[in-house]
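Down below is the structure, laid out as structure tokens.
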Amino acid sequence: MSANVWSAPNDDEPTRKKPRLWRDKFREAVRGVKRGVRGHSSFSVHFFCAVVAVAAAVALECDYREWCLVIGCIGLVVTAELFNSSIETLFRGLDQEARDRVYGCLDIAAGAVLVAGLCAATVGAVIFGRKILLLFHWLPA
């Protein structure tokens with residue numbers, strides 16, 4: 001069983017905790033997203049890019065497959081940034097000696113956000129570039 005299900009308060013026989021309700025888990029997850037978004041300025045850039053991507057998808061009349069790709073890319077970038085934010089938050093709670101040992105983790109997490117963003121931009125360029133080329137008849141239909 002997982003560590004959060006069992007507790008041994010006085011080295012006695014472990015007692016089973018009451019399982020958490022789904023609504024409590026969902027509430028905690030939403031709180032986590034809020035904490036991740038509030039404390040990090042890079043989310044404003046990601047939010048702006050997401051709004052631009054959605055507006056472009058609406059304006060260029062994307063079909064359902066293209067919408068799935070656009071939404072999936074937005075989710076990928078936001079998820080990567082949330083993981084990066086959680087690692088940064090953990091890092092700030094460490095003492096200097098521990099920070100020195102795990103400093104590379106911050107670079108790796110930032111690299112993951114960069115890769116997610118570049119992949120999303122590439123998908124956007126393929127989808128929206130093709131639509132724009134078709135719109136101006138620069139690409140045969």
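Cβ atoms are placed via backbone N, Cα and C, with glycine included.
As annotated by TrEMBL, active site, proton acceptor applies to Glu81. Contacts of Glu81 (active site, proton acceptor) defined by a Cβ separation under 8 A and a same-chain sequence distance of 6+ are given as Gly36, His40, Ser42, Phe43, His46, Val113, Ala116, in order along the sequence.
Here TrEMBL flags Glu81 as substrate binding site. According to DSSP, Glu81 (active site, proton acceptor) is assigned to a helical segment.
With a 10 A radius on its CB, Glu88 (divalent metal cation binding site) counts 16 other CB atoms from all the protein chains. Under the heading divalent metal cation binding site, TrEMBL lists Glu88.
Annotation comment: TrEMBL describes Glu88 as ATP binding site. According to DSSP, Glu88 (divalent metal cation binding site) sits within a helical segment.
Under the heading transmembrane segment, TrEMBL lists 43-60 (among others). Outside the transmembrane segment (43-60), and at least 6 residues removed from its termini, the chain residues within Cβ reach (under 8 Å) are 36-37, 66-67, 70, 73-74, 77-78, 81, 117, 120, 124, 127-128, 131-132, 135.
The annotation transmembrane segment is assigned in TrEMBL to 67-87 (among others).
A Cβ distance under 8 Å defines the sequence-distant neighbours of the transmembrane segment (107-128), meaning residues of its chain 6+ beyond its ends; these are 42, 46, 49, 53, 56-57, 60, 62, 66, 69-70, 73-74, 76-77, 79-81, 83-84, 87-88. According to TrEMBL, the feature transmembrane segment maps to 107-128 (among others).
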What residues in the same chain, six or more past the boundaries of the transmembrane segment (67-87), come closer than 8 Å to it by Cβ-Cβ distance? 32-33, 36, 39-40, 42-43, 46, 49-50, 53-54, 57, 105-106, 109-110, 112-113, 115-117, 119-120, 123-124, 127
